[in-house]
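Undergrad: Before anything else, here's the structure in question.
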């Protein structure tokens, strides 16, 4: 028995010596992995600090906070609430803070203390933890152990993340190479719960511990594994190692691993610590171990994983199994993947914050730009339409007087019998008429006559007004609807209590036109005139004794009242009051509109200042942070691209070949070195536009970006943009010769691409031969979106290639029609079938000479081979007036028709074919 124990111990010592060098090698590999992690963590931390500073500046600027640098905007919170709402979401901010502050920690779990100790010794080198024999394992009661970095070797008992316990340890009594077992075990007679839960904290001047802590879980009899993870997992970056010292997992092991998977969802590095035959998971023909099958059933592994732990097809679990302890250095690969996963997740969250807020800025810039353009037009439109309405109503009042007179006479004639009948049957209010027909007093007679008059006037009023409204109702559709909507929009954006005065005056104008009945029911001239006529009736009737109130009497009174009404006087009075009221309302409307215009003038001035600030400061600054976070995400996921041979040079960068990157091949890599802060911000903003565009078959795909901080030996920083690589550009294609049908199809492809950009609100600004790439089937894609910008974000800068630049580009005020102009020039080359310069441009000695000639109207000449319809399309596209250029939605069907006529019929134009 003694010989067997000695032999076993000897084998264990030999195994430890064999793995000692592997452990030191693994420690160095781990160190390199943590250096890689720390390098990119530092960049993430810097980006997060800059992001928090950006949001803090935005909050101070637009919240109206005391001492804010821009207090002139403090009162604009309601108008610019969208900017005020641009904040760092609390949930994302807390997550990112925790991620960048968390220190990596390796948790060593396992079936028993022997396996856990062997892994710890393998990582740290030497025999820090004693390796127990099989008999000792059964009664082991080890406490939790935590290894930390320190300038000198120290051992102490401490409660996790709290305080150190005063306790005399055996290790304090002298030097040691292996931690005494008495300090590792929890005494069976220990009654103090703090001492039973305390962990053994070991500080060592070990290089690996500078980057990571190591926690060895206690024996199950001392504390559950879940408690160890629960104490740490929320504030560390967890790397979980599970030491397997038996041939297979026990039922208790499986339950423990199931709990870890369900509760913490952490990947696990499984490693065998016993001396077994080589069992690498990647053996293609070998028999899989029982342990491997158990881990698949538990969901930690999936079939299709290679021995390096890389995921196979459909694999989502990054856990890893190594069946040789000598391969412990593979923990470096595993830990790098785990830490990289944390960095990628954080970079994705941070970039989502950047992109979401940047889109809000761009959308707000669109709103402000539109407001600056549309508000003056709305004011002018409202003024013009109100004038037209006023003049139309005045003309109506002039010519309607005679019509009103005829209308009143016609109405009275048509209603006479009905009015008389209604008057005869009328029941008086508040007047008691005796049943026997006895006469009533003069006062009561007067009241009866009043009520008969009210009946006649109300019926006449209703009939006349209905006919008058129908005669002018067309004005409602012609003027009122659109004008009212314009006013509502103008008053909505003018946040003042008196903002609805203009609408009220407009309503008065409409009231004068459509509600004429007020002139009958108020103390107006018409009413007084009618009253005078009624008084005359009363005087004729009441100079004798009071009459008997009978139906015949009521009918006679109504008859006299109707006959004494003057239709011409009524019509004249109606028109006079209508004109007077209309003029008063028109003058009040003009005054209130002027006041509204003054209010908008001040508001638009602030809007313009804010628009400039968003376009020149806020959006570019945030875009740079977005570029950095997205590039960090790309380099972590796909690595730094390998630069191949040079393909070409442009004004702002060099294009290289790149065999493959991020699963894409072949690729092209454009290296851009921004010379200053402005170019950095412009590049970042343009990169955001490119990344935001949906994929389209007529645009070259942008795969990703990487920021190279070591470019030029570290003297400068370069942005590497990785795109798909195509066969050649259109310039080379025309030089080598292309058929007519191919060239026209290329033109259609370019139009489709430009049309898509314009539909996305983006202007390319540099359409030319070298920015149209061709695949092997001669289908075209637009590239070099470096000058692309939404119209609302354009500063008016002069960009592009001189030959293709529209005249208005030099003024700084332009829109997406500059792309239509550039296409017209491009189409000239396509139809000519060559790359020879037009004569008008070839004669120019310099760019300035060329620009001056273009401004004066110089355009390419018509070649004899040109089809008439093609030439007309070119001329329309390069029209000097941007508003006269056709939209791409019009160009596309025209071009398709040309292609069908020239290429798909028997009467194919040979002239154009001759140019190939």
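Cβ atoms here come from the backbone N, Cα and C positions, even for glycine.
Fair warning: this is a prediction, and the values are worked out from it, not measured in the lab.
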Undergrad: Given that Swiss-Prot lists 647, 648, 649, 650, 651, 652, 653, 654, 655 as binding ATP, which residue among 670, 678 does it place in the same site?
TA: 670
Undergrad: Have a look at 1-27, 28-54 and point to the one annotated region 'Disordered' in Swiss-Prot.
TA: 1-27
Undergrad: Sorry to bug you, but what's the C-alpha spacing from residue 766 (active site, proton acceptor) to residue 653 (ATP binding site), rounded to the closest Å?
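TA: The Cα atom of residue 653 (ATP binding site) is 15 Å away from the Cα atom of residue 766 (active site, proton acceptor).
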Undergrad: Other Cβ atoms within 10 Å is the metric here; tell me which of the binding-site residues 647, 655 scores highest.
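TA: The residue with the densest Cβ neighbourhood is 655.
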Undergrad: Taking DSSP as the reference, which of helix, strand or coil describes residue 649 (ATP binding site)?
TA: strand
Undergrad: Going by Cα-Cα distance, pick out whichever of the binding-site residues 647, 649, 651, 655 is nearest to residue 766 (active site, proton acceptor).
TA: 651
Undergrad: Need one number: mean pLDDT over the domain 'Protein kinase' (641-895).
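TA: Mean pLDDT across the domain 'Protein kinase' (641-895) comes out at 90.
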Undergrad: How many angstrom lie between the most widely spaced Cα atoms of the ATP binders 647, 648, 649, 650, 651, 652, 653, 654, 655, 670?
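TA: Greatest Cα separation within the listed binding residues comes to 14 Å.
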Undergrad: When you measure from the Cβ of residue 651 (ATP binding site), how many other Cβ atoms are you left with inside 10 Å?
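TA: The answer is 8 other Cβ atoms.
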Undergrad: Who sits close to residue 649 (ATP binding site): which same-chain residues at least 6 apart have their Cβ under 8 Å from its Cβ?
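TA: Correct list: 655.
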Undergrad: According to DSSP, does residue 655 (ATP binding site) fall in a helix, a strand, or coil?
TA: strand
